[in-house]
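Peer 1: Here you go, one structure.
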Amino acid sequence: LDGSSHDDHPLSIGAAEEPEEQSLPSEEPQHEKPQTEAPTSEATPAQPVLEDLSVTSVNPSSVQLHWSVPEGSFDSFTLQYRDAQGQPQALPIDGGSRSVTVPGLSPSHRYRFHLYGLRGGKRIDRVSTDTVTASEEPLPSEEPQQEKPKTDSPASAALPPRAELGELRVSSVTPNSVGLQWSVPEGSFDSFTLQYRDAQGQPQALPIDGGSRWVTVPGLSPSQRYRFHLYGLRGRKKIDHVSTEAVTEEPQQEKPKTESPTSEALPARAELGELKVSSVTPSSVGLHWSVPEGSFDSFLLQYRDAQGQPQALPIDGGSRSVTVP
């Protein structure tokens with residue numbers, strides 16, 4: 001693995017202390033031996049197969065990967081790689097997924113990715129690939145120049161109708177995140193890219209699927225003003241651009257709710273069930289919970305990172321699980 005470092009890297013997925021049994025493979029990791037056919041193997045499910053781990057998009061701080069499962073199925077996947085500082089990272093992925101975006105990378109850096117397919121906690125198959133992140137693009141000035149619309153050319157009649165971005169609005173704010181929402185009143189985009197500068201002034205780029213109309217930007221600092229630039233892309237060309245700004249909230253100290261005389265007029269009580277840990281890797285934790293009574297508009301997961309800084313992760317009210325990266 002290329003563990004060399006030549007850039008700071010503010011959006012690391014998070015290198016937590018690594019369990020002893022988790023270790024990244026070497027450049028050519030030993031492939032787990034396929035199970036040999038036993039006399040009773042006809043009764044066991046077909047051995048699942050992983051194929052074609054490929055890079056579908058690259059930008060300065062993230063990479064999107066895609067793979068296929070031509071035979072059988074996996075309970076889950078784990079993507080392993082080393083960050084720009086050489087620290088091992090592990091990203092858990094749902095068994096139904098066939099693509100993932102790896103955030104928090106450093107520009108112009110070579111990464112090698114190893115994707116493992118798991119069944120019952122056991123690694124069954126593995127595929128690997130490597131790529132180099134894109135060089136850092138300069139962020140636009142406070143009032144970026146809008147890309148000029150394409151002029152009509154003889155071939156332009158064959159192009160799709162013009163795609164247009166609607167207003168970029170702030171939908172939610174916490175001390176450590178901002179929710180953004182937008183519309184596409186005309187045409188469509190293949191993908192979006194959200195660009196901003198973090199609290200240290202480092203440029204960040206967040207790739208977003210072309211079907212999305214909202215995003216939550218995590219890992220921000222409390223009481224900090226941020227300016228966000230959303231680009232709509234077709235292919236790799238930026239077609240349209242909208243901007244907005246938001247100020248994150250001050251750190252909150254939650255006060256216990258007191259019963260008030262008017263509480264009888266409120267909707268039926270909503271109740272959270274037990275919060276359980278469903279998965280653990282060196283750099284992430286999967287959590288699961290239930291709602292045995294009533295319903296919630298949304299959830300907010302709060303914790304402190306390894307440096308003792310408070311973090312808050314907003315979660316949709318219909319969710320019952322989350323992976324904390």
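Each Cβ is built from the backbone N, Cα and C atoms, and glycine gets one as well.
Take a look at what TrEMBL says about it:
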COMPBIAS  1-10  compositional bias 'Basic and acidic residues'
DOMAIN    49-138  domain 'Fibronectin type-III'
DOMAIN    164-253  domain 'Fibronectin type-III'
DOMAIN    271-325  domain 'Fibronectin type-III'
REGION    1-50  region 'Disordered'
REGION    85-106  region 'Disordered'
REGION    125-170  region 'Disordered'
REGION    241-271  region 'Disordered'
Peer 1: Could you put numbers on the helix, strand and coil content of the domain 'Fibronectin type-III' (49-138), residue by residue per DSSP?
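Peer 2: Its residues fall into 0 helix, 60 strand, 30 coil.
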Peer 1: What are the DSSP helix, strand and coil residue counts for the domain 'Fibronectin type-III' (271-325)?
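Peer 2: DSSP classes over the domain 'Fibronectin type-III' (271-325) add up to 0 helix, 31 strand, 24 coil.
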Peer 1: Across the domain 'Fibronectin type-III' (271-325), what does the mean pLDDT come to, as a whole number?
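Peer 2: Averaged over the domain 'Fibronectin type-III' (271-325), per-residue pLDDT gives 83.
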